[in-house]
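A.B. asks: Annotations for this protein, taken from Swiss-Prot, read as follows:
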type	residues	note
TRANSMEM	17-37	transmembrane segment
TRANSMEM	61-81	transmembrane segment
TRANSMEM	114-134	transmembrane segment
TRANSMEM	141-161	transmembrane segment
TRANSMEM	166-186	transmembrane segment
TRANSMEM	202-222	transmembrane segment
TRANSMEM	265-285	transmembrane segment
TRANSMEM	306-326	transmembrane segment
TRANSMEM	364-384	transmembrane segment
TRANSMEM	394-414	transmembrane segment
Amino acid sequence: MEQSTTRSLLKGKILKILTLLLLVRLGLYIPVPGVELDILTQGQTSNPMFGFAKTLVGNSFLGIGSLGILPYINASIIIQLLTPLFPNLERLQKEEGELGRQQISRYTRYLTCIWAIVLSSAIAFFLIKPITFGWSLKLGLEIVLSLTVGSILSMWFAELITEESLGNGSSMIIFINIVGGIPNNLSSLSKTFSAANLASAIPLLLTGLGIYLGIVLIIIFFQESYKKITIVSAKQLNLTTSAQTQSERLANNSFIPLKLNQGGIMPLVFSSTIAVVFMYPAQILLSSALLTNAAGLASKLLTIYSFGINFVLVIFFSCFYVSLVLKPKDMSENLGKMAYSIPGIRQGKETTKYLEKVINRLAFIGGLFLAFLAFFPLFVGNFIQFGLFKNLTSLLILIGVITDTTSQITGYLVSTRYEGLK
């Protein structure tokens, strides 16, 4: 009876999440009032800055939900960056508990609204205005209002999804948007191979699929890998028996699992949103009259610049995000309070330094791997023209969301069964 109730509750949660994700996708296809889609389609070729708009909104045309959770993610990044700098924010995060976290969430929502208005205004007055006939201030304000409301709704949907405790709402929205773009990628891939000679296309396709599946396995291994830091209690250290050697006792001890990719997909999410800001001046430079005679060289330089920016940002946000999630000093203090220690490491400052060293090393290695996924398409594209390699970071996000959601569902089922046994 209890098991059937648990399953029905789980089905209800999944149905609610799928409904909210469907609403997010529908928002992408509801056109902004007063903006004709055919004019925007022409603008993609006539206005070189429309490429930047497409990157920003994540869609080929403009819908009221095109901004999505981009302002929400940017606001979260800004709040996290400001927290260590302002004592009041740090106190709310560390000392106020749930009430403090709710207050920080409230600040994040306020900042999301402000940032959504800024981005909507930039899109309306700098990108849509030059390619729209009959422009007026009223039309501009309607566009800003539509995009802002769509972004706020996306933020609300993300928080509702997170409240179901089956995964992160923002990550799931990014996931569903990536999945929505898969048909276009497969269509372009089929056109590539249909245009090629069939005899040469089959070996190329098999080679590409083999490499792609290998990368999937590597990503899964990377996502699930972690380092064990053995910890022992004071009683275990003092316990000496002839039947149990020290090495045997250590083998049975508890440990702290530190994931190799502690930041998960968040460094990629952060870097992709911030990279857009750095790409803005590069897009202007590329479209300027000074580079009209060197368009090919400018395009290559822009590609190298793009990968370089993403490489640096991914490593930075990998280390930064881990520093927010894991606090070596707090971990050391908690171990001391529980009378646990790391074998061979003294309690106190030495434990803090050791944990800091291990965490920083893991964060850097994780950042390098994420950066490798960003760089890999650039190198493999010189040898294999395989469209799926262009979205390896998206692949990592897909795998990360799937594994995280699976573990959350498993944890939910286990916890409900445990509560039923009480």
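Using the three backbone atoms N, Cα and C, a Cβ is placed for every residue, glycine included.
Explain the structural surroundings of these features, please.
C.D. replies: Tertiary proximity for the transmembrane segment (17-37) is limited to same-chain residues at least six positions away from its ends with a CB under 8 Å from its CB atoms, namely 59, 61-66, 68, 128, 132, 139, 142-143, 146-147, 150, 153-154, 157, 160-161, 164, 166-167, 172-173, 176-177, 180.
Sequence-distant contacts of the transmembrane segment (61-81), counting only residues of its own chain at least 6 positions beyond either end whose CB sits under 8 Å from a CB of the stretch, comprise 24, 26-32, 35, 37, 40-41, 53, 89, 104, 107-109, 111-113, 115-116, 119-120, 123, 128, 146-151, 153-155, 158, 170, 173-174, 177, 269-270, 273-274, 324.
Within the chain carrying the transmembrane segment (141-161), a Cβ under 8 angstroms from the stretch's Cβ atoms is held by residues 16-17, 20-21, 23-24, 27, 32-35, 63-72, 109, 112-113, 116-117, 119-121, 123-124, 128, 167-170, 172-173, all 6 or more beyond its ends.
For the transmembrane segment (306-326), the residues of the chain that approach it from at least six positions outside its boundaries are 80, 83, 258, 262-263, 266-268, 270-272, 274-275, 278-279, 282, 359-360, 362-364, 366-368, 370-371, 374-375, 378, judged by C-beta separation under 8 angstroms.
Sequence-distant contacts of the transmembrane segment (394-414) (same chain, at least 6 residues past either end, Cβ-Cβ under 8 Å): 6, 10, 165-168, 171-172, 174-175, 178-179, 215-216, 219-220, 223-224, 264-265, 268-269, 370, 373.
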